[in-house]
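The next block holds one structure in the form of structure tokens; read it before the comments.
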Amino acid sequence: MFPLTFVNPNPRLPYPLFIAKSIPEPALSRRSRAFSSSRSYPWRPNLRLNGFKLKSATAPENVEGGDSKSESLVKGLKLGGMFGVWYLLNIYYNIFNKQVLRVYPYPATVTAFQLGCGTLMIAIMWLLKLHPPPKFAPSQFTAIVQLAAAHTLGNLLTNVSLGRVNVSFTHTIKAMEPFFTVLFSVLLLGEWPSLWVVCSLLPIVAGVSLASFTEASFNWIGFCSAMASNVTNQSRNVLSKKFMVGKEALDNINLFSVITIISFILLVPAAIMMDGFKLTPSELQIATSQGMSVKELCIMSLLAGVCLHSYQQVSYMILEMVSPVTHSVGNCVKRVVVITSSIIFFQTPVSPLNSIGTATALAGVYLYSRARRVKVKPNPNPKTC
């Protein structure tokens, strides 16, 4: 018998190391044992040190894999929470905004007030150093003013539509945004869409047309305003892609902040010219005849302004974390949530054909976001004459 010594140099290992004196054995037996050990445990080394054979114990579990899984889980929960906040703020904005526009029919003044709330929130963000202030070259100012003008018209026209028709119908019309995105990409950027993208636009157009023909609250001013807001918003997006590229480009949050401030400056004199100065106590008393006090009107207007800027800010933050396609899918889901919640809250009557049209348009938006993933691969072996 040969003495066995049990050695446990590392108490964290689950089994001790066995060290035994080597004994002479035939060469054939040694080869077969080494071959058998390497086949059974390819990861276990068979080391010989000074006439001793060392068999390693079971290795401890890898901790790094668990850390990466936990980090991805935390990131997923954070992203899901941001999507939830984005949807919730959008729902409250549309509810508060619609209630304000019902009793205070001055969309230009309402939009200017909302942009003013956003400007104040941006100033607080920069003063508290929650986000670094922007630094941009004077050559970029012209492009930023163009983006701000499109942003101003987009918000103003959306409020004009919301003041005329139901919230659900306005957002159904705004489902046409992908159509104008493709159109302006061709006209301004020279980017032609793939066949899949073109096919996905067909149910969008058909669904919006069906929903428009069967909408109980149809109004030409509301319809044309919502459609025009699609034009301005998508031209803004395409222009931002065209101009804001390069090393000196602003990040998404600062770009949105600068655009909001310039939009507020542009819209204040325009609102006074369009509506007159409607913030006097006598003008605010109009709300009392519609069943809302002046205090309630001011609180709802403030909440609508805060929700508008907050949900747009969160949207830009999400865009920095995910791909544009994922953001587009989330925007499609957001539109479904807003339409459904507004129908429930305002008890909007919806006919079966109207529901089919809305569902068809939203399905087309989803197909569009999926079609953007499909990339046409060039032929690796082109035919030559």
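Cβ coordinates are placed from backbone N, Cα and C, and glycine is handled just like the others.
What TrEMBL says about this one:
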{"type": "DOMAIN", "residues": "77-369", "note": "domain 'Sugar phosphate transporter'"}
{"type": "TRANSMEM", "residues": "79-96", "note": "transmembrane segment"}
{"type": "TRANSMEM", "residues": "108-128", "note": "transmembrane segment"}
{"type": "TRANSMEM", "residues": "140-158", "note": "transmembrane segment"}
{"type": "TRANSMEM", "residues": "179-204", "note": "transmembrane segment"}
{"type": "TRANSMEM", "residues": "210-232", "note": "transmembrane segment"}
{"type": "TRANSMEM", "residues": "253-272", "note": "transmembrane segment"}
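The stretch from 79-96, 108-128, 179-204, 210-232 that makes the most Cβ contacts under 8 Å with the transmembrane segment (140-158) is 210-232. Predicted-model confidence for the domain 'Sugar phosphate transporter' (77-369) is 86, expressed as mean pLDDT.
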